[in-house]
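Peer 1: This is the feature table in TrEMBL:
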- 42-68: transmembrane segment (TRANSMEM)
- 80-106: transmembrane segment (TRANSMEM)
- 118-141: transmembrane segment (TRANSMEM)
- 148-168: transmembrane segment (TRANSMEM)
- 174-194: transmembrane segment (TRANSMEM)
- 262-281: transmembrane segment (TRANSMEM)
- 302-321: transmembrane segment (TRANSMEM)
- 341-358: transmembrane segment (TRANSMEM)
- 379-397: transmembrane segment (TRANSMEM)
- 403-421: transmembrane segment (TRANSMEM)
- 433-451: transmembrane segment (TRANSMEM)
- 463-487: transmembrane segment (TRANSMEM)
Amino acid sequence: MKKIVKSFPILILVSLLITVLGLVKNIELSKIYGASNDLDVFYLANVYTISVFNIISAAITTVVIPEINNTDSQGNLKNYMFIINGIAFFTSILMVTSFILFPNIIGNFCKELQKLFVTIFLVLIIGQISRIRSAVGIAILQSNTDYILPRITDVLPVALPVLALLLVNTGNLFVIAASIALGYCLQTGILLFYEKSKYSSYLFKSPKVELKKVINPDTKALLLSTIPIIVSSAIFQFQVMLSNYFAGKFGKGIITIFNNTNQIVGVIQAIFILNIVGMFYPSIVKKIKKSVRDGVKETTRIIIITNIIIILVVWGYMAIGQEMIKLLFVRGQFNSFSGDLMYKFGFILIIVLPLDVVRDFCYRIYYSLGDTKKPMINSIQTVILNIVLLICMKPMVGEFSIVFAPAIGTALSMTSILLRMKKDTLLIDIKKIFISYILVNILGFSMYSLLKNINYYSDNLLANLSIKIVIAILFVVICLFIVWMMARLLRRRNVK
C-alpha cells in the first residue's frame, strides 16, 4: 500500500503530461484541418484500431494479473499469448480485407479519402499489434507494484506525433500515424528489455512454443475465462465504432468534434479513474482472495475516494469548461460553433463518470473472484440497449444521440450490476457511497456558484482560467480540511 501511495503523485504527473501532449496534438491538427473530412478519416482509423486492440489488451491484463505469480501457469500463459497473438493477426487481416473489398462501410467519404483511411489504418495497426506484448509486460510490472515505468512509456505514442507537428512542422496525416505506431513499438521494446532484466523469472524464457501442446486443459481454461471479457469488450468497442460511424452521418466535422470531446473526457479518465483502478486492482485481487468481505469493504472505500475527485472535476467542467475549450480548440479552422457543440457533448458524457466508477469497480470484484461471465452479460445487455437508444434517438435529438445513448447506458449498466451483486450477496455499501455522493455534490455546487460569481475579468482568457482554477483548488482544499478537522474532533469525543 505504501508503494501505491508513493507512486500515485508520479503517475498523476505523467498522466498530466500525456494529457497535455494529447491535447496539443488534437489542437494542432484542428488548427490545420478544422472540422474537416480529412481529420474525420484520421480519427475514424485511429478509433477503429484502438477499439479492436483495447479488446485484447483488456482481456490480457484481466486474465494475466491473477495468474502471473502462479509458477505452475508460466507455460500455459506462454501458450495463451501465442493464441492471442494469432487471433490479433487474423483480425487485422480480416479488417483490412473488409475495408478494401467493401469501402462503403468506412463511411460517406470519397474514394481518395477511403484510400487514405485504409493507409492510415494499416500503419496504426502495426503499433497496436505491438501493444499486445506490452500489455503482458504491464501486467507483470503491476503485479509487482511497479507502476511508474509502464506509465512513463505511455508518453511515447503521444510525444512522437507532437514532435512531428511542432518540430518537423508537418501536418501530413500519414506521418502523424507513423509516429504514433513507432511510439507503441518503442514502448513495447523498452518494457520487454526492463522485464527481462528485472523479472526474468516470469514469462517467455523460451521463445519456442510446441504447437501440439498449445491447447492443453489449463490453456483452455485461460482462454475460456478470456472469452467473456473479449465478448463484453468487443461489444462495447463496437458501440464506440458505431457512434463514430453515426457521427460521420451527421455531417462534416462531427467525428472530429466528437473525438475532441472524448479527448477531454479521456483526460479525466486517464488521470484519475484509470490510474486508481490500475493501481488498486492487484491489491483488490489479493484482499478478496484472503477475505471476500474485506475486499468488498476496501472496494467501497476506494470508490468513495475516487468519486470525491471525479465529482469535483465534473462541477469544475460545468463552471469553466466552455472557456477551457475556447482557449484550447477555437482557433484556425476550428470555429466557436464547433467549440460550443463540443462543450455540450462533454457535459453529457462527464456527468455520468461517477456512475462509471462504481460500475468498473463492481466488475473488478467479479474479476477478482474469477467470474468474468456476469460482467460480460451486463456489458452485452447495456451495449445492445445503447445501440437501440442510438438508433431510436437519432431522429429525435440528431447528433446528440451519440452522447445521450452511452450516458443513459452507463446509468442503467451500473444499476444492473448492483442488482446482480445484491443477488450474489457481494453488494458494496451503497448507503455510504450515496451519502458521500450527495455531500460532495453540495461541495461541488458551492464551488460552481463561487466560480460563476467571480467578477474578475481580463482580456487574457488564460489569466481568467488560471485564476478560477486556483480559486477552485483553494476552496476545495479549505473545505476538505474543515471536514477532516470536524471528523477528527468527533472521533476524539467518541473516544472520551
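Keep in mind that glycine also has a Cβ here, set from the backbone N, Cα and C atoms.
Bear in mind that TrEMBL entries carry predicted annotations, made automatically and left uncurated.
Would you situate these features in the structure and describe their surroundings?
Peer 2: Outside the transmembrane segment (118-141), and at least 6 residues removed from its termini, the chain residues within Cβ reach (under 8 Å) are 41-42, 45-46, 48-50, 52-53, 56-57, 60-61, 64-65, 68, 81, 84-85, 88-89, 92, 95-96, 99-100, 103, 106, 147, 149-150, 153, 157, 173-174, 177-178, 180-185, 187-188, 191-192, 194-195, 199, 202-203.
Note on the transmembrane segment (148-168): residues 7, 10-11, 14-15, 17-18, 21-22, 24-25, 28-29, 127, 134, 137-138, 141-142, 175-176, 179-180, 182-184, 186-187, 190-191, 194, 275 of its chain, located 6 or more positions outside it, place their CB under 8 angstroms from a CB of the stretch.
Beyond the ends of the transmembrane segment (262-281), by six or more residues, the same chain brings 4, 7-8, 11-12, 15-16, 18-19, 22-23, 26, 65, 142, 147, 151, 302, 305-306, 309-310, 313, 317, 321, 325, 342, 346, 349-350, 353, 356-357, 360-361, 364, 367-368 to within a C-beta distance below 8 angstroms of the stretch.
Beyond the transmembrane segment (379-397), the same-chain residues lying 6 or more positions past its ends with a Cβ under 8 Å from any Cβ of the stretch are 231-233, 235-236, 238-239, 242-243, 246, 404-406, 408-410, 412-413, 416.
Within its own chain, the transmembrane segment (433-451) is flanked in space by residues 300, 303-304, 307-308, 311-312, 314-316, 318-320, 354, 358, 468, 471-472, 475-476, 479, which lie at least six positions past its ends and keep a Cβ under 8 Å from the stretch.
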Peer 1: Any residues 6+ beyond the ends of the transmembrane segment (403-421) with a Cβ under 8 Å from its own?
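Peer 2: Distant contacts of the transmembrane segment (403-421): 239, 243, 258, 261, 345, 348-349, 351-352, 355-356, 358-359, 362-363, 365, 374-375, 378-379, 381-383, 385-387, 389-390, 393, 397, 427-428, 430.
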Peer 1: State the non-local partners of the transmembrane segment (463-487) in its own chain: residues 6+ outside its ends, Cβ under 8 Å from one of its Cβ atoms.
Peer 2: 312, 316, 319-320, 323-324, 327, 443, 446-447, 450-451, 454, 456-457
Peer 1: I need to check the long-range neighbours of the transmembrane segment (174-194): which residues 6 or more away from its ends have a CB within less than 8 Å of a CB in the stretch?
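Peer 2: Those are 25, 29, 42, 45-46, 116, 119-120, 123-124, 126-128, 130-131, 133-134, 137-138, 141, 149-150, 153-154, 156-161, 163-165, 168, in sequence order.
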